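Peer 1: Below are the structure tokens for one structure; questions will follow.
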Amino acid sequence: MTRHLLTAADLSRDEATAILDDADRFSQALIGREVKKLPTLRGRTVITMFYENSTRTRVSFEVAGKWMSADVINVSASGSSVAKGESLRDTALTLRAAGADALIIRHPASGAAQQLAEWTAAEAGAPSVINAGDGTHEHPTQALLDALTLRQRLGGIEGRRVVIVGDVLHSRVARSNVLLLHTLGAEVVLVAPPTLLPVGVRQWPVTVSHDLDAELPAADAVLMLRVQAERMNGGFFPSAREYSVRYGLSDKRQALLPDSAVVLHPGPMLRGMEISSSVADSSQSAVLQQVSNGVHVRMAVLFHLLVGAEQEAISA
């Protein structure tokens, strides 16, 4: 596996499967432990750099590092020299000089994680960089935790039909999921209004549809995306109500799904817009399972980058 995780395209099928397998092993290793600590990353320093708001991703990376006995340090724009005008490059070089083993970055600019990896590259002692979401580009660990959730719920991913619904244009989650699910052998369908699909989307390894009702009966899983109004400068649809009527997963639409189908959402959810509260809280919803899996997947990613897949994943 490469030294960084910048995009889901970095992962081969074997590498992705190894991470998912180790995530399951970490989950099992922690069951029944009064103190949730493994010595896997003892003596390692993990620094999180979050320049956008986050709850699930930031907390799960922090928990993952601490459960593996790493020293985890949080750097935010408001609490660092960034607030004084320091550039991302100078911040990155400072953290490398301070001895960071891993830098986990979330940033509003697409390509920020790649830049960070290039800036901190060195012949020896360069930190591993993990992309925790860069603008509208990618979010590879979210795709991994979604894949783990699907594998647990469905028994496998190969040949499964996954329908991704909503604001694909602004969604780094959608991009990473398309790449990873394709790598793992799933069939991916994108459902969105034409205004919320990227240019060139028909060259992606997906089927594109604008009719959600037509796609639900054959779906093994549905991944609902939030409308990212904070990234929109104009009108992408007539109204929130009309969007919800056409592309929201309502109780009525849930009835179109097979009983075995799984409902995913990367969060945060806009209940009543892209998903109803009753669907979000139903037995088909795997939203909280996704959160739990996020910790275990990020443990596995840190292990693969910092320790190496050739070593035993779990030390009792």
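Cβ atoms here come from the backbone N, Cα and C positions, even for glycine.
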Peer 1: What does Swiss-Prot list, out of ARG89, ARG96, ARG106, as binding the same carbamoyl phosphate as ARG56, THR57, HIS139, GLN142, GLY267, PRO268?
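Peer 2: The record-listed residue among the candidates is ARG106.
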Peer 1: Including all protein chains shown, what's the count of other C-beta atoms within 10 A of the C-beta of ARG106 (carbamoyl phosphate binding site)?
Peer 2: 24
Peer 1: Ten-angstrom check, please: count other Cβ atoms within 10 Å of the Cβ of THR57 (carbamoyl phosphate binding site), all chains counted.
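Peer 2: A count of 23.
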Peer 1: Going by a 10 angstroms cut-off between Cβ atoms, which of the binding-site residues GLY267, PRO268 has the sparsest surroundings?
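Peer 2: Comparing Cβ neighbour counts within 10 Å for the binding-site residues GLY267, PRO268 gives PRO268.
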Peer 1: Centre the Cβ atoms of ARG56, THR57, ARG106, HIS139, GLN142, GLY267, PRO268, go out 8 Å, and tell me which other residues of that chain have a Cβ in range of the carbamoyl phosphate site.
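Peer 2: Going along the sequence, the neighbours appear as SER54, THR55, ALA132, GLY133, VAL173, PRO266.
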Peer 1: What does DSSP assign ARG106 (carbamoyl phosphate binding site), in three states?
Peer 2: strand
Peer 1: On a simple 10 Å Cβ count over all chains shown, which one of the binding-site residues ARG56, HIS139, ARG226 is most densely packed?
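Peer 2: Output for this query is HIS139.
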